[in-house]
Structure formats: structure tokens, C-alpha cells
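**Student:** I have a structure I would like to understand better, so I am pasting it below and will then ask my questions one at a time.
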Amino acid sequence: MKLLITGFDPFGGEKTNPAIEAVKRLPAAIAGATVVPLEIPTVFGTCAEVVRQAIITERPDVVLSVGQAGGRSALTPERIAINLDDGRIPDNAGFQPVDQPIQPNGPAAYFTQLPVKAMAQAIRQAGLPSHVSTTAGTYVCNHIMYQVQHLRATEFPQLQAGFIHIPFLPEQVVQRSGVPSLSLTDDVRGLTAAIRAIVIAHAD
């Protein structure tokens, strides 16, 4: 079994993004499955093409995308992606769509194929906060989740895909009083637990 794990580059003026930093530190194999890390740009459209090319090259069984959700206090596997781009800030290419469909002829939403409740439980069993989320937002995180699901629907039917949000790192909240954070070590531990849950479910 092979998993493609994607993480976004820094955006919104941040110097770091816990998503790619955690993804880069994942073990090469988890529960006997191969883990392939991939950095993707925080850019509408382009991020999906980068992932598509990686799917063609790597032929993964699962794509799990990881993104930063500043303000959240837990690792949150996402249940659903909606067909809407509505950027609160411009992406890293300066593009800021407002109320635009991601795929004009696509469905209103896609549900993940990943075992989100088992993932959240595994993260909690690792001693970290986690719960299933029903909103991936309307920025590039939701965009990539939707786009990978659309790729599954149109090109790669055997693929399973999903998304998980992780909190800010401690160094990102130094000037943000009261905003929660999680250490990079804990991010890696939580993601590893979530991936193990995916592998176990895939084997059943």
C-alpha cells in the first residue's frame, strides 16, 4: 500500500506552515505502508495539478492532504469538501476568488473515503486532541480536498482521498494571545496515528 501525503507551503505572510513541516518528518513507512511526502503550493488550481501529476507518477492507493487551520486546537480529519472557492486572503499567486465554483459542472460536495472517525480516535489514543470536522473552509485547503475527489470521480476511481487540518505551531502564536497551538512533534505523532488508522481500515 502506498499513501501520498501532501502539505502546503507557507502562506498569508507566515514564515512556516506546520502542514509541510510535519509531512516532511513522517516516517517513510507506517504500519507497513509506504509514505510519499509532497509539498504543494498554496495556490488555487496549481496545487491540484501538482497532486494530479504525483498521482500519475506514484500511483498511490490513498491521498491524504494536510493543511494549517489557525485557531483550531485539535487535529481535525475533514468529512466533506464543497464546490466553492471563496478566499478570505489572496493565495500565493495573488489570486483571491470570491464565490466561485471549483468545478462548474461538478457536484455540490464530495465526501471523503477515509475513516475519519477512526482517524480521530487513533489521534486521541495517541494522547492528542482530535475530532471530525464537517467544514474544510472555502480556501485552498477545501479546494485541494474537492479537486482530489473530483480527480477520483473522473480519472482515478480506485483512489481513496481525504484531508486533515492541524493547528498553528507555537512559534506562530507568539504574537497571537490566546490562540491555540500544537508542537511539530505532536503534529507528526498525530498524523502518524491517523495514517496508521487509514492503513488498518484499508486492509479490512
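Cβ coordinates come from backbone N, Cα and C, glycine included.
Take a look at what Swiss-Prot says about it:
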type	residues	note
ACT_SITE	Glu78	active site
ACT_SITE	Cys141	active site
ACT_SITE	His165	active site
**Student:** Cβ-Cβ under 8 Å from Glu78 (active site), same chain, 6 or more residues apart: which ones?
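**Tutor:** For Glu78 (active site), the qualifying residues are Thr112, Val116, Val132, Ser133, Thr134, Thr135, Ala136, Met145, Gly162, Phe163, Ile164, His165.
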**Student:** Using a 10 Å radius around its CB, how many other CB atoms surround His165 (active site)?
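**Tutor:** Taking all protein chains shown, His165 (active site) has 22 Cβ neighbours within 10 Å.
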**Student:** Under DSSP, is His165 (active site) part of a helix or a strand, or is it coil?
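**Tutor:** Strand, per DSSP.
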